[in-house]
Every structure is written in structure tokens, then in C-alpha cells.
Amino acid sequence: MPEIPVGSQIFDVVFHPSSAIAYTGLLNGHIKAFAYGEQGDSHNLFSLRPSKRSCRGLSLNGDGSKLYAVGKSKALHIVDTTTTDIDARSAAHDCAINRVKSLMPWVVATGDDDGTVKLWDPRKRDSVKTYTQHFDYISDFLWLDDKKQLVATSGDGTLSVMDVRAKEPKVVAQSEDQEDDLLSIVAIKSAQKILVGTQLGILSVFNRKKGWGDCVDRIPGHPLSIDTLCNIPDDIPDTDPTSTVLTGSSDGFVRVVQILPTKFLGVVADHGEFPVERIAVGGGRYWVGSVGHDEVLRMTDLGAFFHENHVDSDEEEDDEEEWGGIEGADGSEGEEDEEGKAVEGSAEKGGGASSDESDDEDEEMEPQLGDQSSKRKRQPEVELPDPSRKSKKGKKETVIDKDFFDGL
């Protein structure tokens, strides 16, 4: 697993849309760019320091020519990725800016620690719209291109939907208080459902057709907060990209989770005792960049992960088919005994596991239990042991106990 040391804690990472380049925003205010190869080798392209204060958020425009950076300095910095020239909007907010997202060629959104959201036209010096519906920090943004709507999640426990086309700052909808910090957001199922990560480790599912008032489902399993969410590329084979996401948690794991039906697919990266701050997916071999407090950009080959996972699942299916064929070879029909029914009943009652690992084990056990109930082999009659015979441990020979006959 390639690691790129950066020398400071990383707050955010983004990948160039068409080139093998990763950009990182650091605690010491630096923005570092790295070019990487197919084997995970890398070299430094440039290092800038627009501000001496931390860089908390990064976003690239559609063609990767402009890099937008925000942080504790309250400024919006626009970096030309080719010339490394910097155009600054000083005092863009009244407090530290936490998130930034490029929405359209000439529309950029920023969100600060007080919950204020602003829209910018990079060609102008001042913001074009300001939204104040939140009272706590903005944690993440999601852009819904079909409706030209911006969704923001906040530490105040709500998410809000803004129509950027409206002449006046207009909030289309705002959810009820979810009684938990909303930390991350991503769209699934062709953007018909929205997945939100929370401080308590719950994945909340919103259905756009049913409105934004409240979530329609809550998926437990992560032991700690879900700080970041990321979609997987559309063209990874043997996966459903519309329902599979990457999650980054405070426990240091980057997980692959399938949603609706919910299934834990595996761990992509492990940051040890350090929490995962951000995840992004680059091109080429589908490198996943994950960052935390360990001062390294960790690169993981997502394509290889899914390939190995698919091979392992194929081998398991082959083993199950071979095992089932041997069991049915004698032509006897299976009979369900009371033990089998009891096992199945206990498996059904144990469906509400509280961790990803236990959910995975339950789902792996279900098909095995089904095979045992439908093709249970008739058990051979067991011959009761003769009390006059005792067997020595470790040997198959039988020894006659003479004392037994003396007592008759």
C-alpha cells in the first residue's frame, strides 16, 4: 500500500479529473500536489502556502484548471494548477471556512464554522449569495446537478437544500433536527437517495421522492463517527456503483459498504489509531486516497480490492456448489430435524447486529444455514457402544475388559 509522506496533518485531498495528480491541504497551510504512477510511485509537483493558517478544504473545477482552497484564514484562494498563480478573496467569511465545492464553471460554494453558506462567481471579488439557515459549522456539500440544488450538512443536526438558480437566496427545504451532528453526505441510487454520515456512527438514508423532512432509514454498524463518504467509480467491474460507497471513520478504517441491500464488503485501508478525515478516488487504477492524522496520503488500489473480493466470493460459491453436490449424491431426500429449525430460528432473531463485522458474519451464515435445511443429509444410525469394550486413546484397536465379565 503506497504512502506519500507530507510532513503535516492532512485535512483534505482531491484528485485531478483527467491527470494522475493528487492535491492535499495541510494543517500548516501548505497545499501540496503529487503526481503518481500506476504502481503507486509518486513525486512532488509543487508546494504552495497561500496562508500560514490551516487549509481545511479543497475543490477542483470541472477540467482541473482551478483549485479552490479554504481554511482558518477566512479567505478563498483560487490556484491555477498549471502556473500555480494564486488569486485570493480575503475576508471571504467572518470566521474560519470549513468546506468548499465547485458546482458549475462559474459557481463555487463555501461554508464556515458559524453555518453561513456563500456562493461565489470566481470572476467577481464579492460573493453573490449568502445563506444563514444553519447555526453551527458546515461539514459537507452535495451537488444535485439535475435540479441545480446544493445540499449542505451541518453540526446543528440538520441538512438544507438551496436552489442556486433563484435570484434571491432561497432554501428549498431543511430537515428536522436529527439529534446528531451530520458530518458527511453522498448520493446513491442514481441520486434518488441521499446517504448521510453522523457523529454516532449511523448512516441516515434520505429519499428525495419522500421529501427532506426526515430520513427514511438508519443503518447502524460503524463503532465511531462517519467523518467522510465517497462514491466509487462507475466502471469498476463486478460492482454496483449506484449503491456501493466508501466510508471513513474515526476508528481509522476505510470501509466498502453496499447500501440497500446493506452489506459490509471489506476494509480498504487502515490508518491504525488515527481517524480518517477525508477520502477521494482518482483515475488510472482507481487509487483511493485517504488521509488522517498520520501525516501521510495513503493510496489504495480499489480495482485490485474488488477483483480479489470477487475472486474470493467465486471460490466460496464453487465450494458451496461442490459440497452440495456431494451431499446429494446418495439420492436421499433431506429431512429437517429440530436442531436445524432451532438454528434457523436463532439466526433469524439475531439479525440486528451492532457492528459491520457481525452483520457480515450473519449474511455469510444465512446461505449456509439455508443449504443445511434444504439438503440435510439423513444421519446414519449410531450403534450404541458395548459396555464390555473400551478403546484406548490414540488407537483404533479394541481391548476386552475382563473385569466386566467377572462381575456378571
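Glycine is treated like the rest: Cβ placed from N, Cα and C.
These come from Swiss-Prot:
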REPEAT    5-44  repeat 'WD 1'
REPEAT    50-86  repeat 'WD 2'
REPEAT    87-130  repeat 'WD 3'
REPEAT    133-172  repeat 'WD 4'
REPEAT    177-216  repeat 'WD 5'
REPEAT    221-267  repeat 'WD 6'
REGION    311-408  region 'Disordered'
COMPBIAS  313-339  compositional bias 'Acidic residues'
COMPBIAS  356-366  compositional bias 'Acidic residues'
COMPBIAS  396-408  compositional bias 'Basic and acidic residues'
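Secondary structure counts, DSSP: the repeat 'WD 6' (221-267) has 0 helix, 23 strand, 24 coil. Same-chain residues lying 6+ beyond the ends of the repeat 'WD 4' (133-172) with a Cβ under 8 Å from its Cβ atoms: 98-99, 101, 103-104, 107, 109, 111-117, 119, 178-187, 191, 194, 196, 206, 212. A Cβ distance under 8 Å defines the sequence-distant neighbours of the repeat 'WD 2' (50-86), meaning residues of its chain 6+ beyond its ends; these are 11-14, 16-19, 21, 23-31, 33, 92-102, 105, 108, 110, 112, 120, 122. The DSSP breakdown of the repeat 'WD 3' (87-130), given as helix, strand and coil counts, is 0 helix, 25 strand, 19 coil. Under DSSP, residues within the repeat 'WD 1' (5-44) fall into helix, strand and coil as 0 helix, 22 strand, 18 coil.
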